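Peer 1: Provided herewith is a single structure, encoded as structure tokens, for subsequent inquiry.
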Amino acid sequence: MIYQGENLSVDYIEPGIAHLVFNAKGSVNKLNLATLQSVGEAIDALYSQKDLQGLLLSSDKSAFIVGADITEFLGLFDIPTEELSDWLHQANAIFNRLEDIPVPTLSAITGFALGGGCECVLATDFRLADETASIGLPETQLGIMPGWGGSVRLPRLIGADPAMEVITTGKPKRAKDALALGMVDGVVSRETLITDSVTMLKKAIEGQLDWQSRRTQKKAPLKLSPLEAAMSFNVAKGMIMKMAGKHYPAPMTAVKSIENSAFMDRDAALEVENKNFVALTQTDVAKSLVGIFLNDQLVKSKAKQAIKNSEPVTSAAVLGAGIMGGGIAYQSASKGVPVLMKDIAQQSLDLGMSEASKLLNKQLERGRLSGLKMAKVLSSITPSLNYASIENKDIVVEAVVENPKVKAAVLAEVENEVNEHAILASNTSTIPISLLAKSLKRPENFCGMHFFNPVHRMPLVEVIRGEKTSQQTIDRVVAYASQMGKTPIVINDCPGFFVNRVLFPYFAGFSLLLRDGGDYQQIDNVMEKEFGWPMGPAYLLDVVGIDTAHHAQAVMAQGFPERMAKNGRDVIDAMFESDRYGQKNGSGFYAYSIDRKGKPKKNIDESTAGIIATVTNTTQPYTSEQISARMMIPMINEVIRCLDEGIIASPAEADMALVYGLGFPPFKGGVFRYLDAIGLTTYLDMAKEFEHLGAVYQVPESIKQKAADDECYYPAPQSLSAPSA
């Protein structure tokens, strides 16, 4: 044994050929701080081997290395920048020593080689992959860029243009695509990966493969003329500005880093990468995007626990077809859970099946599923005008019209048809679950299961716990949502649950802003371009449906009269009374036409101003800062109240629900990450300016206390000193 560490070992696989195997105790290999230190120690041990002729790197798991340990990132970002820069120098010295070892080196890649794992294999002379390999540098998706030589070695290996595409998109390449780009030198079967790798290394040792010229290429400047460089980098920067925009600086920073180091050798180029990596770690964007990743892991870990605690759902039913019912049925069937779709109208069943067929056809056209698979999914959706076979279903999702009396009647009816262990779930968006449960004999088997529209695109499912809902029911519905490929978050019952409860104060802020003379187009522009929402409030209301919003607004006002009761007629009333329902009937705040792809196209409607004029007496200019504040304060206050009341369990789950359910700007990380970033005192000062506007602008006492105690919503990252490498 040449070296034995906790996460890797090195020994000879054949005379003269050393084999470094990543073999962490867990299910995957991560290039965490401890493993990186072990890599350095192992390489030091290899340098002392007089009989060494070649080095092979591999993993004993189904993935090579899934990346760095992201749980360590926020702690690293928090250390002084000089210390972080020094540590990066030490880490890169390890990869440089791997690259400079005076024998040929090869990485045998199975499964994921991402982030630091990819940077590790880039430091070897050759890379051989099996068919399962997936190789990439996803750092820009976390608001940073490669920091262990990835932005230096990859452009020199495969060329600037393809390297910039790999780095700026953050999307990994499958084995065959990586081979076409030159990221790997061959693709072989998993069974022969190690033996083929040894054979390839022997060829390099014997001089049949020129490993030294390959190494020289990676350490030299890019082979670009000044004109080629100017064209390449200018085109890349233009595309990045269009793709990523101003809110996500990492892709542009990565391109500029590659550009500025293009004519440098490896060591000088690594200095440029170091400087840019450190700068990105200090941005709120990086902290927010890393925070989202960690929050997502928390939510998934809770779902995994629920899956362990429950039996998998093997058959389901949906009550109420149409577009929503069809979407739920499609999602269930496409993930392997057969579904009965029941409705009282044949026309609705036809619409539901049409929706499922349409979604499957799109998958077929894009090559994401075969005709055979499409037929199998469609055949596992059974449309029915009666309850035949429903007694065998594990779970029944009710998705009928959003009316409490209708829903209660349908739920009571179906409860008599199902077996006593079956779970009933309502897809209501606003009606309290405990209210609907009053019509049931077994309320412990009932909960909310709120999907978002369109079902196939929106990742969030709110699983709502009523007063009498059992934990067993919650666990099984969370497990079913996970089976469907969704992200379930458990919410305690209240009108609107979490997402809609916090959305309607935001709409109230919009109505008040229009009442006070704001311009809806400017508001949309500010909330989209400046704050970062995918849609401004007027456009969002059009997409949701102004009739739907009008009804939900009344439900919310009844549930929270002290804050959400309207003080007179507002713009949503005015639009509703004018039959301006939004995209669904072609006219809302905007007018809609159908483009060549069959999608609604937004156009300015000159008549909208006249309708808005009926609920305002003035026109008044507002700054972007005033608009953002007036729009966001009501939502932020309501989010805080939901946490205070235990409607949502943690800041992490609240932020994920906002990002996944509403499209809250990921670069801001969610409401609680945003509050921590700007500072609670700063928020209180901002809110104080608008407290005269009414109850939705009154900040909860809890945030005042937190600010007084100098606290944050998220715990401070674990303190790390610059690790020794």
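Note: Cβ is positioned from N, Cα and C throughout, glycine not excepted.
Below are the features listed in Swiss-Prot for this protein:
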- 1-189: region 'Enoyl-CoA hydratase/isomerase' (REGION)
- Glu119: site 'Important for catalytic activity' (SITE)
- Glu139: site 'Important for catalytic activity' (SITE)
- Asp296, Asn500, Tyr660: substrate binding site (BINDING)
- 311-725: region '3-hydroxyacyl-CoA dehydrogenase' (REGION)
- Met324, Asp343, Val400, Val401, Glu402, Lys407, Ser429, Asn453: NAD(+) binding site (BINDING)
- His450: active site, for 3-hydroxyacyl-CoA dehydrogenase activity (ACT_SITE)
Peer 1: According to DSSP, which kind of secondary structure is Ser429 (NAD(+) binding site) found in, if we only use helix, strand and coil?
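Peer 2: The three-state answer is coil.
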Peer 1: Do any of Glu119, Asp296, His450, Tyr660 (recorded positions) have a CA within 10 A of Ser429 (NAD(+) binding site), and if so which?
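Peer 2: Cα filter at 10 Å returns His450.
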Peer 1: Could you say whether, by DSSP, Val400 (NAD(+) binding site) belongs to a helix, a strand or a coil region?
Peer 2: coil
Peer 1: If you measure Asn453 (NAD(+) binding site) to Tyr660 (substrate binding site) at Cα, how many Å is it?
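Peer 2: Approximately 12 Å lies between the Cα of Asn453 (NAD(+) binding site) and that of Tyr660 (substrate binding site).
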Peer 1: Using all protein chains shown, find which of the recorded positions Glu119, Asp343 scores highest when you count other CB atoms within 10 A of its CB.
Peer 2: Glu119
Peer 1: Tell me the Cβ neighbour count for Glu139 (site 'Important for catalytic activity'), meaning other Cβ atoms within 10 Å of its Cβ, over all protein chains shown.
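Peer 2: Result for Glu139 (site 'Important for catalytic activity'): 28 other Cβ atoms within 10 Å.
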Peer 1: Return the maximum Cα to Cα distance in Å (whole number) over the record's NAD(+)-binding residues: Met324, Asp343, Val400, Val401, Glu402, Lys407, Ser429, Asn453.
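Peer 2: Greatest Cα separation within the listed binding residues comes to 19 Å.
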Peer 1: Between the Cα atoms of Glu119 (site 'Important for catalytic activity') and Val401 (NAD(+) binding site), find the distance and write it as a whole number of Å.
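Peer 2: Cα of Glu119 (site 'Important for catalytic activity') to Cα of Val401 (NAD(+) binding site) measures 53 Å after rounding.
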Peer 1: Just give me the nearest neighbour of Tyr660 (substrate binding site) among the binding-site residues Met324, Val400, Glu402, Lys407, Cα to Cα.
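Peer 2: Given the candidates Met324, Val400, Glu402, Lys407, the nearest one is Met324.
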Peer 1: Check the region 'Enoyl-CoA hydratase/isomerase' (1-189) for me and report the mean pLDDT.
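Peer 2: So the average pLDDT across the region 'Enoyl-CoA hydratase/isomerase' (1-189) works out to 97.
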Peer 1: Under 8 Å Cβ-Cβ from Lys407 (NAD(+) binding site), six or more apart in the same chain: what's there?
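Peer 2: Result: Glu398, Val400, Val401, Ser426, Thr428, Ile431, Leu436.
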Peer 1: State which of the following binding-site residues has the fewest other Cβ atoms within 10 Å around its Cβ: Ser429, Asn453, Asn500.
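Peer 2: Ranked by other Cβ atoms within 10 Å, the binding-site residues Ser429, Asn453, Asn500 bottom out at Asn453.
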Peer 1: Can you tell me how far the Cα of Met324 (NAD(+) binding site) sits from the Cα of His450 (active site, for 3-hydroxyacyl-CoA dehydrogenase activity), in Å?
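Peer 2: Rounded to a whole number, the Cα-Cα distance is 11 Å.
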Peer 1: Restricting the comparison to the recorded positions Glu139, Asp343, Glu402, His450, which residue's C-alpha is spatially nearest the C-alpha of Asp296 (substrate binding site)?
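Peer 2: Closest recorded candidate to Asp296 (substrate binding site) by Cα: Glu139.
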Peer 1: Counting across all protein chains present, how many other Cβ atoms fall within 10 Å of the Cβ of Val400 (NAD(+) binding site)?
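Peer 2: Total other Cβ atoms inside 10 Å, all chains included: 23.
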